[in-house]
Ligand SMILES: Nc1ncnc2c1ncn2[C@@H]1O[C@H](COP(=O)(O)OP(=O)(O)OP(=O)(O)O)[C@@H](O)[C@H]1O
């Protein structure tokens, strides 16, 4: 059976900006295909090029190179056609404090040239599906962050677009409102709406998106489902946390540490016992890669469950008593780290909101951060 044509196709799409300090290559010639009904996440750290990509695909910003077709309309030659088929919800939203919920949604429909009666019918139908019933006559300033975000989404949907673009849809929301909004976004898919959202929240990308385009420095560095991306990092991560106050006999003497710290940045990051822990782990099992983060040593091994006992025995033999030892499957942050040498969690907001369990340290030995054969 033939695969239906993608609802979004972009080829070598690029955007550069001329600034007083020079040229910024915000997006460097990306290729994208999106199928109808997918929830696609553009994932990347601040400045990766996500917003610029979304703004180009929504006709808000002209590309400096490349082409795209959106819902059958050419981005360059038929921007009006593109706009009639898409909804766009900007990062900060677009409601004013005094506007009334239902009135605002109807007005938005009218701006798309929809007749009065249909505008009202469309707007009224959206209210219950976005949990906004009962709020129709409230001014937006009286709404919670999550409610106001759902009004923004209603504004993006009222003309019944084929595709909706959501720029950082849950930015600034509390965890409960975020989870609630994810449910609403999932429902859009069942109505046949294609969703493209940008995010730098790993949990959001993991839980919500069918497919992720991981962006960094204006390029797409990986494209796949969250599970596919995680499977690229084969093996498990065993994390040994050591109690730095109980390191007698570990073999990591103060003098040997300070010698290494003078010549090696990774030693300067480690705390007493981490070097000896790495040595013990390497002796015990086949270690693929190592990251040292303060008093934690993360080692990637083929089978985490089989590595635990040999590593514990080797630590015991070296006089190291770990305060914790955990085994986990790689996270999206580990994927990002392996692709770029940097952790997505380094971004300020991610540090506050990211899911627990990713590796946050610099590599043991320079870039690339983690080497996976
Ligand atoms: N109008 C502009 N003029 C100059 N440079 C710009 C402009 N817009 C974006 N940039 C630069 O382009 C790069 C990509 O920015 P963009 O906003 O697309 O990133 P992002 O991934 O959306 O980041 P964030 O998560 O912070 O929103 C950044 O280096 C940014 O400073």
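The backbone N, Cα and C atoms fix where each Cβ goes, glycine too.
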Looking at 316-344, 345-373, which stretch does TrEMBL describe as region 'Disordered'?
345-373
Give the range, chosen from 216-247, 248-279, that TrEMBL lists as region 'Disordered'.
248-279
Taking the domain 'ABC transporter' (8-242) alone, what is its mean pLDDT?
91
